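First comes the structure, then the notes that go with it.
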Amino acid sequence: MSSISKVAVLGLIGTIIEWYDYYLFIYAALLAFPTLFFPSSSYLVSILASVSSYAIAFFARPLGATVFGHVGDKLGRRHALSFDLILVGIAMIFVGVMPPFSAIGIVAPIAIFAFRFLQGLGVGGEWGGVATWVSEHATSKRALITSLIQIASPLGFMGAATVLLVFSKDFATVGWRVGFIIGGSAALLGAFLRYMAAESLPFEKIKSEGKISKTPSIEVFKYAWKPIVLLMLAVGGVFMAVYIPATVMPSLYLKVAGKALGYPQYVDFLGAQIPLTSALIYLFSIGGSLSGAWSPLPFSA
């Protein structure tokens, strides 16, 4: 396997695991966590507290992007991408084995929030870091190869949805735990494989020339704040349009419809979502090919 192929595969697998964690967590937050970690006389309060544990990761992601971006610019891409995957893997395993509120009291929900925050830090450093690592290795077809990283999100969804299907009625009791433990173990293995991979040549060149910035995080905001703000606004709108139909709405459907009809709706859920997911994989690849042939700006718009 060539160097770029190995890097692309390691980057994709790690990012799939982290998106798998994101999707699996929201399903667990709606189907299992309210009664296990956030019990209350009001079910609405339990649901809101549980979903808040999912939402806290979004506040951690900008911090994670800054921290791991700084590490990547100082120590190297593979170091940062190994560290962030270790963080996610450890957090996933601890969430998977967390005792319920009935066993350890208030410690349980506090720990869920804490480990979810750590997961958010790791994911914050993942996507942009992997795209940088892969693009710096690619000598040809850079846009296409880098665009393949984007298919990690739909593939991660398919992995989480498969856990729902395989465990069916047992998801709310043991299925989600197995899903987190498997995902966390895979993340730790992926971190080791990443650490053993090659560093990108552009970074090695900058390092050998002694041109590594002492304060990369400060410099990027100082000299490139305008494109950063524009991209935040653009991508923020896209993600609002993606996360609601891809995570919250299907999970609420599973909870409400399953309760009303008396049986889990996992098969219906997968049947409705997998074709859409497959289409996204295809569209990401097409977009990468076209942006490589022409300017990427029209496609980002």
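Cβ from N, Cα, C; glycine included.
Residues or ranges marked as transmembrane segment in TrEMBL: 7-30, 42-60, 81-98, 104-123, 144-168, 174-197, 228-254, 274-294. Annotated domain 'Major facilitator superfamily (MFS) profile' per TrEMBL: 7-301, in sequence order.
For the transmembrane segment (104-123), the neighbouring stretch richest in Cβ pairs under 8 Å, chosen from 7-30, 42-60, 144-168, is 42-60.
Residues of the same chain lying 6 or more positions beyond the ends of the transmembrane segment (174-197) and with a Cβ under 8 Å from any Cβ of it are 6-7, 10, 13-14, 17-18, 20-21, 24, 27-28, 31-32, 78-79, 81-83, 85-86, 88-97, 159-160, 163-164, 166-168.
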